[in-house]
Amino acid sequence: MSAQANKQESQQVSEQANGHFDRSQHGHLVIVGGHEDRENSKDILSRFVQLSGGTQGTIAVITAASRVPDEMWRRYDKVFREIGVRDVIRVDLPDRATANDAGLAARVRKCEGIWMTGGDQKRLLAMIGGTLLDEAMHGALKESGACIGGTSAGASAMCGHMLADGKADLLPEKGSVSLGAGLGFVQRVVIDQHFSERHRLARLLTIVAQNPYLLGIGIDEDTALVVERGVGIEVIGAGSVTVVDGRTMISNVADIPAGGTPQLIDVRLHLLPTGSSFALPEEIHHPHQLPPGATRDTPAALNDFVRNVTKRNPLS
């Protein structure tokens, strides 16, 4: 187990032993932009383990997004055991009927951590969207304080409005990107991954231009947006998280033809590099699992974003 995982687990155990932290009232999301480090420091996966009850917790690995599920399972079973987790279970979903198996759903519902691998987010949703497994994941997060993590496709699937398909290479292009129904762990946002590496700002602007009520989130590779529900956020890993807010923008997107580049005026952009950590003002002095000493009050300009992604949505 890494030194960081040891340190974080000790901190968590100390908090719980002193009665300072009620895990069931929180719940976390670890939203990863893909290609997280699995060979060296394993910082992101170690943080996921720490937020999943430490090495004593049970972690479920869902490989449904991938067309090579056996390979994905071996990859994450290996790395989680290297970090020190003893109980890692495979959630193998050859078909949608399996995701409606009551016994499997009950088993996942009891897990402290649930990890979704990369692949194709449309495939993932086709397998588990609206099933008993989907319901169990919401219950684990919202009633038991579990941690749900996802990388690449598993990250995009976390929001209610999921980026499903399409691209925009150099400039935003009306109609070039489509959305679909996601798992809904966070609402009113859309998440893109491999963000800087694949030059996806134009794609995210395309979505926000056509759906200005959605906040756009772009996450770099080997980078994670960690969300503590009801409390705050932190950015960990090697890169940055980009937030695009078009709620007050002026645009002609409704009037131009498909394929055209929209005029976008007064679009707000936030860049949150690794180490960024913000808590809601009313929560910063309450027990939480954000980095002590690094977390500060959310600036007014970022407040709506933090409130939105940390909102404790009811079971759905």
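Each residue, glycine too, has its Cβ placed from N, Cα and C.
Computed from a predicted structure; not experimentally measured.
Marked as region 'Disordered' by TrEMBL: 1-20.
TrEMBL lists 1-17 with the feature compositional bias 'Polar residues'.
Per TrEMBL, active site, charge relay system is recorded for Ser152 (among others). Around the Cβ of Ser152 (active site, charge relay system), the same chain contributes Val32, Gly33, Gly34, His35, Ala65, Thr117, Gly118, Gly119, Gln193, His194, each under 8 angstroms and 6 or more positions distant in sequence. In the three-state DSSP assignment, the secondary structure recorded for Ser152 (active site, charge relay system) is coil.
Sequence annotations record features per position, and here TrEMBL assigns active site, charge relay system to His194 (among others). Under DSSP, His194 (active site, charge relay system) is assigned to coil, being neither helix nor strand in the three-state scheme.
Annotation source TrEMBL lists active site, charge relay system at Glu221 (among others). According to DSSP, Glu221 (active site, charge relay system) sits in a coil region rather than a helix or strand. Taking all protein chains in view, 21 other C-beta atoms sit within 10 angstroms of the C-beta of Glu221 (active site, charge relay system).
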Hey, what's the Cβ neighbour count for His194 (active site, charge relay system) at 10 Å?
18
